[in-house]
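Visitor: This is the structure I have questions about; it appears just below.
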Amino acid sequence: MAGVAEEFGRLYGYEPEGVWEAPGRVNLIGEHTDYNDGFVMPFALPHTAVAAFGRRTDTAVRAHSADLPGEPVVVADPAPGASAGWADYVASVVWALRDAGHAVGGVDVHLASTVPTGAGLSSSAALEVVVALALNDLFELGLERQQLASLCQRAENDYVGAPTGIMDQTASACCTAGHALFLDTRDLSQRQVPFDLASLGLRLLVVDTQVKHSHSEGEYGKRRAGCEAGAAELGVSALRDVPFASLPESLDRLSCDEIRGLVRHIVTENHRVERVISLLDAGDVRAIGPVLVEGHASLRDDFRVSCPELDLVVDSAVAAGALGARMTGGGFGGSAIVLVEEPSSDQVAKSVVEAFASHGLTEPRVFTAVPAAGARRVR
Ligand code: ADP
Ligand code: MG
């Protein structure tokens, strides 16, 4: 953190006004539901984007990342269409705040992030949220965290051009240490659900397959459009409104198997989030394992966003005795989560790594995820 402030000084020739930090996230359950007005349950990772800021006297944005080579990128007039590569994730937030009528001047930014990029752990939301929180403080905007998250989503949708839902930004802005965040993406109501695995002798492993599928964005858009088509065929404003109890009749009314699969995933996934919430509330944490495995099968077979590497993590982890596992994030690569008994944790991780080796695949990165704090000012 001190490093980011010092590097800011070297780059820009003056001291930053402050340093802010925002985490990446994993999603425990509730995948692809956040653009269907459904339920999600992410928690924040200890991996964060840390950024130093200083206000400018003009309206430009100057951004530098310690994680990429090159000079600071200057965006003179942030507006959709003016692509500046990675710096879009910074400039877009400035634009979204200004477009919403907030008086935000220019800024210089230097950042460094420990959130792996493109690993399904939301390095993009960490960047957006650290910028939004800093601007909120520096320009005294007085916005709530959920409002900041919604503006970050708008930035990613309308400026960066990624049609993501509201989960990632809300998780980065609103999560608290030791909890998973139950979020209803329709009315944005939230509940912090205690999720302290260590005290129960459990662990949640994150396995980053290091697979990045280049077609993921187009496929994401297709799934989103397919969900909207399904909702239109059923005469509801979003798939959230299809009751689990009437799923068989609803499926009968759909025009094709592809849409049937999408609808079945969203409806059963919302139901799975509710089941996980009930189990956590009842203190029956081990029982969520099979629900995670069911969720993975649904993403693989019905929503069709998994890939062989993610399936291999889940299959090899469960075969090695994990309580449950599933892909997390948008899919087509990225990461999976694995719920394990603490004593068997190393053995399960080893089995997954060996399975990758025996298939001739790049060794996955495995780490233990402990629910961490949401975005904050650090100095
Ligand atoms: P994810 O959010 O799953 O990590 P995305 O494709 O949504 O994947 O976002 C990754 C992009 O965010 C990167 O390609 C880059 O443009 C930007 N990004 C993330 N972290 C950094 C960083 N530390 N420095 C510069 N750009 C970053
Ligand atoms: Mg992202």
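Start at 1 and count along the chain as shown; that gives each residue its number.
Just so you know, glycine gets a Cβ as well, placed from its N, Cα and C.
From TrEMBL, for reference:
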- GLU31, HIS32, THR33, ASP34, TYR220: substrate binding site (BINDING)
- SER65, GLY118, ALA119, GLY120, LEU121, SER122, SER123, SER124: ATP binding site (BINDING)
- SER124, GLU156: Mg(2+) binding site (BINDING)
- 89-174: domain 'GHMP kinase N-terminal' (DOMAIN)
- 277-356: domain 'GHMP kinase C-terminal' (DOMAIN)
- ARG25: site 'Transition state stabilizer' (SITE)
Visitor: Which residues, sitting 6 or more apart from GLU156 (Mg(2+) binding site) on the same chain, put a CB under 8 Å from its CB?
Guide: TYR89, SER92, SER124, ALA125, GLU128, ALA162, THR164, GLN169
Visitor: Where does HIS32 (substrate binding site) sit in the DSSP three-state scheme?
Guide: coil
Visitor: Just the binding-site residues from GLU31, ASP34, GLY118, ALA119, SER122, SER124 whose C-beta lies under 6 Å from any atom of ligand 2, please, or none if there are none.
Guide: SER122, SER124
Visitor: Under a threshold of 6 Å between Cβ and any atom of ligand 1, which of the recorded positions ARG25, ASP34, GLY118, SER123 are retained?
Guide: GLY118, SER123
Visitor: Going by a 10 angstroms cut-off between Cβ atoms, which of the binding-site residues GLU31, ASP34 has the sparsest surroundings?
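Guide: Lowest Cβ count within 10 Å among the binding-site residues (GLU31, ASP34) is ASP34.
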Visitor: Which one of the binding-site residues (GLY118, GLY120) has its C-beta surrounded by the most other C-beta atoms within 10 angstroms?
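Guide: Result of the Cβ crowding comparison: GLY120.
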Visitor: Enumerate the residues of the same chain, GLU31, HIS32, THR33, ASP34, TYR220 excluded, that satisfy the criterion Cβ within 8 A of the mean position of the Cβ atoms of the recorded substrate site; list them in sequence order.
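Guide: The surrounding set, listed in chain order, is GLY30, TYR35, ASN36, GLY38, VAL40, GLY165, MET167, ARG223, GLU269, GLY330.
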Visitor: Can you check which residue among the recorded positions ARG25, HIS32 has the largest number of Cβ atoms within 10 Å of its own?
Guide: ARG25
Visitor: For the binding-site residues THR33, SER65, SER122, SER123, which Cβ has the most other Cβ atoms within 10 Å, all shown protein chains included?
Guide: SER122
Visitor: Relative to the Cα of LEU121 (ATP binding site), which of the recorded positions ARG25, GLU31, HIS32, THR33, TYR220 have a Cα no more than 10 Å away?
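Guide: Of ARG25, GLU31, HIS32, THR33, TYR220, within range: ARG25.
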Visitor: Since the record lists ALA119, LEU121 as binding-site residues, which of them has the fewest other Cβ atoms within 10 Å of its Cβ?
Guide: ALA119
Visitor: Among the recorded positions listed here (ARG25, GLU31, THR33, ASP34, TYR220), which has the Cα closest to the Cα of GLY120 (ATP binding site)?
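Guide: For GLY120 (ATP binding site), the closest Cα among ARG25, GLU31, THR33, ASP34, TYR220 is found at ARG25.
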